[in-house]
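Reviewing the structure listed below.
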Amino acid sequence: MHSFGYRANALLTFAVTILAFICAIASFSDNFSNQNPSAQIQILNINWFQKQPHGNDEVSLTLNITADLQSLFTWNTKQVFAFVAAEYETSKNALNQVSLWDAIIPEKEHAKFWIQISNKYRFIDQGHNLRGKDFNLTLHWHVMPKTGKMFADKIVMSGYRLPNAYR
Amino acid sequence: MGFIGETVDSIKSIKIRQVLTQAITLGMIVTSALIIWKALICVTGSESPVVVVLSESMEPGFQRGDILFLRMTDEPIRAGEIVVFSVDGREIPIVHRAIKVHERGDTKAVDVLTKGDNNDIDDIGLYAEGQLWLHRHHIMGRAVGFLPYVGWVTIIMTEKPIIKYILIGALGLLVITSKD
């Protein structure tokens, strides 16, 4: 009952229990943050728009992305992963989601930004359905905490359209 | 008769009750661990509810030694989700982020392309020869939460087997020599 080993075991168990409790509280506290991110995306230019030799359409865009994601950061936040995806429907696929650009935002100070950039990942359709296609641009964010549960959400922006002809 | 008597006394002195208690206690510990693991599998719907991050492909979000908690439901896979998938011919599952998703209208079958946040290129090179997309049956779960540093024990034991054997030996010795 009073041996060194027994006491060390009890102390260690108690310490680990407290540590687990602290981690749980830290993760739980994220639920109370008031999140109101905002974003705006414009397509400045269609750089080129072609059909690949084996039939899939591909398009390159220049995007103007303005976003304020500072409200996503709490004291438990390690990083925010933000990305822009094009979403559209074709006759074959009910949903197509293609990531165009992403960024890892490590600090709150970098979470309010404005950037003009060509799409980082290739925008390739599964087929040749992109001419004249209406699509949404969606800014997603994925909050990765120092410990615990991860959160994700998005802002959907609609009204974008690709040209009717290749260029 | 003296010899037989001594033998019987020797057997009686083994304290069968104590040995039995120790064996049953050990069995309880092992089966409890198995029951907890199986219960976790049922609750999360994923065949690997907890995995350890072994590489740097998702830094700085996930680092070596983090453990991830996975969950697999019937909800469809969407771009941005961190999925755990297995590739034919590879033993260890990979945790990466979905960057492209194409979902059929009729069958709801899904084509997923993944990439590690810290990698420069997508994962087509990691898939099986000739494979361009992941499908539902490749995906074992999606990450919903994690704890940092806890997985280092597993990594150390995997990379230095001698430490594993020493640890198991020490625990075994502790069990054998302990007195309640």
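Placed from the backbone N, Cα and C atoms, the Cβ positions cover glycine too.
Record note: of A:ASN31, A:ASN136, Swiss-Prot gives the feature N-linked glycosylation site to A:ASN136, with no matching annotation on the rest.
Long-range contacts of the transmembrane segment (A:12-32) within the same chain, counting only residues at least 6 positions beyond its ends with a Cβ under 8 Å from a Cβ of the stretch, are 74-77, 143, 145-149, 151.
All chains included, 15 other C-beta atoms sit within 10 angstroms of the C-beta of A:ASN136 (N-linked glycosylation site). Long-range Cβ proximity for A:ASN64 (N-linked glycosylation site), meaning a same-chain Cβ under 8 A and a gap of 6 or more residues, is found for A:ILE41, A:GLN42, A:ILE43, A:LEU44, A:TRP114, A:ILE115, A:GLN116.
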